[in-house]
């Protein structure tokens, strides 16, 4: 047994060395900083709308997104009694590698020109989004895969996640600034399918027992993680929007949704689990669900009461999922969802996509005014009707599920 552990340590060390050297060589050969020029001088071949968001570096937004990925998600997976401390360390390793790899892969799709990849602050923000999807996926298989396998998962998922995002956002013109689809839905179902392929019933029974071993340390992690979510996630959902008016919608709608989902947990959890108050882990889950549902709809005209309704509903659906759907996934579909990503990312992501498609149908120039061009530029330009845009928004959901499930199956088999 000690020899086996030593072999895995050497494998991890060797893989980290090889991947880092590969990243260094690729960065040296291809990656360059964006030219410091005005928008009018930006080469037409580059995606200048993405580059222009680097104006003034947008440091507060960059810090919010990076802290969200590093601290919040690192703490959110630290609940297994046996794997908690190690899971935080592995999360940081995944973040460190995935950000570098995402900058490269996304650069090929978005800013490859004359044999070079041009990057800026927005490239790091986009890489953080992609890394978040990877962290969500690892939550589904945490404790059942080793660090070497997690690195390989990140290598493949970043590539597929970027491809899915490019097809949806650039080719199809889907509006998903808060990433209900490309982060929450994709990450959740990618991880669930990896879990399904790696199913080992006897070992998974032991993992389920370990999940119940939650004490003071778990509550402490959940408290800190939840606080960081409340502080930084609204900036996370609005960071891709450079216009203050559109950003305000995303921030406020996210806050309204998360407060309603939190209250809903206090309504339902005592009934389902016969506890006087929910555990901090359950409040943390409700916070994530309330924010995920606003990923697509946040910048749309969901209205304050609409955001409250969406958050309240998803705050009810998430604990119901833990209580009734998770056992079905485990017993019938052989999917062991370690961190419950299906209930706190997958279902809210799907509901957020459906809500976004519905709100798209209701969008008009009278209700949106100048913001219509910010949220639905092709509609404002007359290239699309609002009905066609709504159909595109809706069709993005099955496409994302297809990419996630097929990609997860392929990754699990490898």
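Think of each number as a place in line: the chain as shown, counted from 1.
Cβ from N, Cα, C; glycine included.
Heads up, TrEMBL stuff is auto-annotated, nobody curated it.
Remember, predicted model here, so these are calculated numbers, not experimental data.
As written in TrEMBL, here are the features:
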- 41-412: domain 'Ammonium transporter AmtB-like' (DOMAIN)
- 12-31: transmembrane segment (TRANSMEM)
- 65-81: transmembrane segment (TRANSMEM)
- 88-112: transmembrane segment (TRANSMEM)
- 124-143: transmembrane segment (TRANSMEM)
- 150-169: transmembrane segment (TRANSMEM)
- 181-199: transmembrane segment (TRANSMEM)
- 220-237: transmembrane segment (TRANSMEM)
- 308-325: transmembrane segment (TRANSMEM)
- 346-365: transmembrane segment (TRANSMEM)
- 385-410: transmembrane segment (TRANSMEM)
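Below 8 A, the CB atoms of the transmembrane segment (346-365) and the transmembrane segment (150-169) form no more than two pairs separated by six or more positions in the chain, fewer than 3 in all. Taking every listed stretch (88-112, 150-169, 220-237, 308-325, 385-410) in turn, the largest tally of C-beta pairs under 8 A with the transmembrane segment (124-143) is reached by 88-112. Counted over residue pairs separated by six or more positions, the transmembrane segment (385-410) shares fewer than 3 Cβ pairs under 8 angstroms with the transmembrane segment (88-112), which leaves the two as not touching. With respect to Cβ pairs under 8 Å, the transmembrane segment (150-169) is most closely packed against 88-112, considering the stretches 88-112, 181-199, 220-237. Mean model confidence of the domain 'Ammonium transporter AmtB-like' (41-412) amounts to 81 (pLDDT, 0 to 100 scale).
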